[in-house]
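Remarks on the structure that follows.
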Amino acid sequence: MAPLPPGIRFIVSFSRDQWYRAFIFILTFLLYASFHLSRKPISIVKMSQGELHSYCTASYEGEVGFHSQSPKAGDTPAQQLPDNGTDCGWAPFDQDNFQQLLGALDYSFLCAYAVGMYLSGIIGERLPIRYYLTFGMVASGAFTALFGVGYFYNIHSFGFYVVTQIVNGLVQTTGWPSVVTCLGNWFGKGRRGLIMGVWNSHTSVGNILGSLIAGCWVSTCWGLSFIVPGAIVAAMGVVCFLFLIEHPKDVACSSSPAMHPESYENGTHRFRLQKQALTEERNKPLDPEMQCLLLSDGKRSGHQNHVVILPTDGGGGGIAAISFVGALKIPGVIEFSLCLLFAKLVSYTFLFWLPLYITNVDRLDVKKAGELSTLFDVGGIFGGILAGVISDRLEKRASTCGLMLLLAAPTLYVFSAISKMGLEATIAMLLLSGALVSGPYALITTAVSADLGTHKSLKGNSHALATVTAIIDGTGSVGELVGPVAHKTPSVTSPVKDLGENAVAYSGGKKEQLTTLSWADGSW
């Protein structure tokens, strides 16, 4: 008999369960990457100050102020200015308060996302994940694209863009509790930190793809910067409906990965190995950190005062989904939620304002600044994996998060000063900052959430993971609100571009001569 080809030998070397897990890993990775892909266009478009806003004024003495060079729907001829006497981009963002208006768009999305997240987990526990996630992705794609439709239909109502952002923020809350719950169902605690650390790189991958896709049209047709990502999210929603498997039992797979590579050979053998592994884990002493998370007195979670009691339905014998208050009683939920709040505060400040900062500091054009800003996400990929590996090795999630955040504080403090030394310094600081900030962020939102959602105090109840995940991520979303809104926006009354010593600007209706343009302390 001829030997099997190498490719076939590779395929049969993995069990049926392992192939299903690999498929769910890749599918959920792509699903949530598409969510983040659709969030990036707003930061790319708003930093393109020649699209939504140009630093310009009406013509004086036969000279025309600065204005966008790209064609847009509703453009007026170069010699014919709009009614307000200016040609400063896309109304209503062509006014002097354009930064406040753009900030309001961010705030609308983030506020809706933070409020909706608390409700999303509770709803998600009571609905089929596949239907719930499909609805959220299709709706998110529609409202992301709707923002770009305003370009083609010449819509200049600020309320239109605000409402679009609010609804989009609400429907996007369906994503995170759903994918974390699904992945938590398929993967046990064995190497959860490493697995979810790699998996959580979907956030950075989505941000990178979103920056690149939006950057393709930002200078020519910014409406497509929203419509194309919206179409991608909606298409992935259809893929979710067709292929997502919520739980291993739906396809007769085991609930956790086999503990030994030879365990797939025989079903009885697999059961015996898993039972032996569970017995060893039960007899294994807990490390001090885990004791603090489980119980204040160091005992195991079977203690009467630390068991979350869940009411059951009157008719059936099934376990009811956990309540919001019940989820808060799980040891560690509140502590990690507050930790994530500060990590997300920094992360989302970078997400929304980093491209604009790079444009101003390094004097790069819009497209190059968008590409350079992705290095923060590249660093986040390595940081998430590193945090997962360390926490698995040490079996101490809290200590890993605490150490990385302590290192991130001085790094961010000197970021501004060091980045002014040149492009190379900016690149190094972006990678380092991304790793130290996104590492704890990734660990808390994935492995820690899954650990707490399957905590021993729940007595095997599987209807808590989405609620716990939503509470942790919802609290972190409060940091998303505070960060981008509380930052000091640049105070600019002159062209952002470096135009040389004889640059001419118009400010307050007067023609002024500019000799230098320098960025310092958040203002020109």
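Each Cβ is built from the backbone N, Cα and C atoms, and glycine gets one as well.
Note: TrEMBL annotation is automatic and uncurated.
As annotated by TrEMBL, domain 'Major facilitator superfamily (MFS) profile' applies to 27-524. Positions annotated as transmembrane segment by TrEMBL: 19-37, 101-119, 131-153, 226-245, 338-358, 370-390, 402-419, 425-450.
Highest Cβ contact count with the transmembrane segment (425-450) among the listed stretches 226-245, 338-358, 402-419 falls to 402-419 (criterion: pairs under 8 Å). Against the transmembrane segment (226-245), the recorded stretches 131-153, 338-358, 370-390 differ in Cβ pairs under 8 Å, and the greatest number is found for 131-153.
In summary, the transmembrane segment (131-153) lies against the transmembrane segment (19-37): three or more C-beta pairs, each 6 or more positions apart in sequence, are under 8 Å.
Ranked by Cβ pairs under 8 Å to the transmembrane segment (370-390), the stretches 19-37, 101-119, 338-358, 402-419 are led by 338-358.
When averaged over the domain 'Major facilitator superfamily (MFS) profile' (27-524), pLDDT in the model lands at 74.
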